[in-house]
């Protein structure tokens, strides 16, 4: 009799994806973040579901319903902070996951990479809309500022913004639709993640050396299941330390003040994981130019497979490209810091220089490093 996991139509899919999947024997801990993202997504869907049971998407009661969750619902405070800090953990894992793809040349799997970028956009949209829901000061003004950016689109901009708002300002209609989208998008993300995996399993995983590993594969279970469980335990440990000891460290104090359209907070800024893009947006004095730079700062990832000039796939044996990669990481950290600072000297010029460096590195310096390394190989 054949094994049920190899014969049953449904179990067979799981078997080929997580049990008997041939996996390169040398993939490092940087390959753990895909499974960690899956865990983050499940955690966010579950905590979000329980929060939605008590939340009311109405401008008059949204803020107090969140307070009610924290004060009156059993373990409501924990569910709320798991959800808020879970989003931060999600983005930390995401940035590392994308960085790993950049470093080891995983972007040469075109379909997997492109779906990953669509996932990134969907995730950013979901997180932004979730930030609006507690209806604090930063929720309201963040929603106003970010949606207003679309008014920079020529001819249709103003109409588009009013259409998204459902009126002439961010109000009840906006909050209701943001809640509806925030609820449905994680399930779309789940479907996209499955597609992402489907395309990945067509080619098999990349590995740190960047060379084909068909002659040296091992089954996913038990080797990588146990490795993923260790990663998951560490993720949960860090998340619980955040939730139980420093629940508000990544949030904004302004969001504990109910939304007031009549008073603007001194510094309007998004959550920390959007600050790098916000800094790029602010570094350009022109509104349309800023919006284009903001969009391109993420869309530029689509160009990366076409900007690969090196004869080697991975950066493992390319010291010059490694320098460029870590310079890019340092630049993104600088942009994140600048995004949280007020618009004044010297932060303006630092932000502008960091933005120029960001685009220069990806479009010019990294491809150039690849060409130089190719020539060095001929010596």
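Glycine is treated like the rest: Cβ placed from N, Cα and C.
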To which of the residue ranges 8-28, 113-133 does Swiss-Prot assign the term transmembrane segment?
-> 113-133
For the transmembrane segment (178-198), the distant same-chain contacts (Cβ-Cβ under 8 Å, at least six residues beyond its ends) come to 17, 37-38, 41, 44-45, 48, 52, 55, 57, 112, 115-116, 118-119, 122-123, 125-126, 129-130, 132-133, 143
Stretch in 77-98, 113-133, 226-246, 288-308, 320-340 most in contact with the transmembrane segment (347-367), if contact is a CB pair under 8 A = 320-340
Outside the transmembrane segment (288-308), six or more residues from its ends: residues with CB under 8 Å to it | 98, 102, 105, 107-108, 110, 113-114, 117, 120-121, 124, 149-150, 152-154, 276-278, 280-282, 355, 358-359, 362-363, 366-367, 370
Which range out of 33-53, 77-98, 113-133, 320-340 gives the transmembrane segment (226-246) the most CB pairs under 8 Å?
-> 77-98
Selected stretch (most C-beta pairs under 8 A with the transmembrane segment (77-98)) from 33-53, 113-133, 320-340 | 33-53
